[in-house]
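Per Swiss-Prot, the features are as follows:
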BINDING   12-18, 40-42, R306, 332-334, 414-416  GTP binding site
ACT_SITE  D13  active site, proton acceptor
BINDING   D13, G40  Mg(2+) binding site
BINDING   D13, E14, G15, K16, N38, A39, G40, H41, T131, R145, Q225, T240, R304  IMP binding site
ACT_SITE  H41  active site, proton donor
BINDING   V300, N301, T302, G303, R304, R305, R306  substrate binding site
Amino acid sequence: MANVVVVGAQWGDEGKGKIVDWLSIEADIVVRFQGGHNAGHTLVIGNQVYKLALLPSGIVRLGKLSVIGNGVVVDPQHLVEEIAKLAAQGIEITPDNLKIAENVPLILGLHRELDAHRESSTVEGVKIGTTKRGIGPAYEDKVGRRAIRLMDLAEPDTLDEKIVRLLAHHEPLRRGLGLEPISAGAIRAELESLAPKILPFMDATWDLLENARRAGKRILFEGAQGALLDIDHGTYPFVTSSNTVAANAATGSGLGPKAIGYVLGIAKAYTTRVGGGPFPTELLDETGQLIGDRGHEYGVNTGRRRRCGWFDAVLVRQTVKTCGIDGIALTKLDILDGFKEIKVCVGYDLDGRRIDRLPASQSAQARVKPIYETIDGWEGTTAGARSWADLPAQAIKYVRRIEELIEAPVALLSTSPERADTILVHDPFRD
C-alpha cells in the first residue's frame, strides 16, 4: 500500500479537509507537514461541523494518530484554544492521539504583531494579503536560526539566552517600524504559561513516523494552502512562507523521499483565490459573484470573500508537474450546475504570443490574458452524486475534458461537503 500525500493544486481552499477526512478512514496516521494555523478547513461529519486550522484532520477520527511535523510553525496559544474548542465538541485530544515534532518553531506574540503591522502598511508591495497570524515572521526566524522551538520549553535554563538572540533581531526592527519595545521577561512569561499545556505532546516524530512506515502503517500527509502559494513555485511574492508542493511532505515530516507514495492533488471545478496576486481567469462580473455565492466562498479563518473565476487548466497542469501529482480529486462540481456554458482556460496570451505555462516573472504574470475553450453546461444536478450514473452526461464530458487538459486522471469526485457524496474512481491507498 502507498502512503498518500494530499496537496492543493490551486491557491488553497480546494476542499482538502473533506478529502483528507474521507481518506483518513483508511489511514493509521495523518501528518501536517507545513504551514500553520493560517489554513482553515471545515469538516462535516454527520450533524457535526468541525473547523480546524492547525490540527490534522485525522484528529476527529477515533483510533487515528495525528502528527504535526517539523515543517509546521505552531502558535502555542492557538493550539491550546483549538484543542479546547474540539474538546467542547466531544473530541478528546491527548498525547496518545496527537504528537508534535520537538523541533517545530513557535509563533509568538511579536510575530503576530509584526505580521499585522506589515499588512496594514500602505507602502506598495508590502501588503501581501496574509491572515496576520504571524506565519511569515515565524518562518523568517526559523531560516534566520533564531526561532524558539518547542524543545526549548523543556529546557528553561537555556531559554533566556535564546530569547536574547531572538530580540537582537526584533528590537531594532520594531524600533524602525515604530512598534513598542517588548521585554525578554514578557516573552518568557508567555512561554512559561503555555509550556505545561503543550509539552506533553512533544515527540521525536521523525523516528515515530519512520518506525510506523517500516511496520507497514498507512500514512496520510496533509498539505495546507495550495501549490500555487509555494514559496518557490507559486506566484511570488504573493505566496505563503513555506514549500507547499508534495516533495515537502518528506522534508516537513522528517522522512526520506521514498516515504512518499501516491500524490493526490485537490482542485475545484472552478478557481478561487484569497488576497492579492495574479489570477488570470478571475471573474469580476455577476458570474463570478454567482459562483462565490453558490460555493460559499469565504475564508474559514478570516471570513474574507474569495476571488472566483473559471477553471484554469494551465495552472493545474503546472502543479501536476511541480508536485508529481498522480491523480486529482475534483471538488465542488455541483456549483457549476445550471450554467448554460462553462469556460476553461487552455492557454495564455502574453503580449500577442500564446504560452502554455504561467511565467515566473511578476510583471509577465500580470499581463497574461486567458485563452478560453467553451464547454456546454448541464441542466441536471450533480449535487449529492455518488456514482458516475448519477451525473448528467455533459458533466462527465466536462470532467473528462479537464483530465485531458491537465494531463492527470480524476481519482475522486466530490459533489457536496458531505463525506459520503464522493465518487471514487481510484483509491490512492491501493496504488
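Including glycine, each Cβ sits where the backbone N, Cα and C put it.
On the structure: features taken from Swiss-Prot.
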residue : record                 : Cβ contacts under 8 Å, 6 or more apart
G12     : GTP binding site       : A39, A224, Q225, G226, L229, V274
G15     : GTP binding site       : I266, K268, A329, T331, K332, S414
K18     : GTP binding site       : T42, L43, V44, T331, S414, P417, R419, T422
R304    : IMP binding site       : V274, G275, Y298
R305    : substrate binding site : G292, E297, Y298
R306    : substrate binding site : D13, T272, R273, V274, G292, E297, Y298, G299
T415    : GTP binding site       : L333, D334, T382, A383, G384, A385, R386, D421, T422, I423
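With respect to their backbone Cα atoms, N38 (IMP binding site) and G303 (substrate binding site) stand 12 Å from each other. In this structure the alpha carbons, written CA, of G40 (Mg(2+) binding site) and T131 (IMP binding site) are 10 Å apart. In this entry, D13, E14, G15, K16, N38, A39, G40, H41, T131, R145, Q225, T240, R304 make up the residues listed for IMP, with the farthest two CA atoms of the set 34 Å from each other. Geometry remark: T131 (IMP binding site) versus H41 (active site, proton donor), CA distance 14 Å. Least packed by the Cβ count within 10 Å, out of the binding-site residues N38, T42, Q225, is T42.
All chains included, 25 other C-beta atoms sit within 10 angstroms of the C-beta of D13 (active site, proton acceptor).
Taking CA atoms as the reference points, H41 (active site, proton donor) and G303 (substrate binding site) are 12 Å apart. Within the group of binding-site residues (G40, G303), the Cβ with the highest number of other Cβ atoms inside 10 Å belongs to G40.
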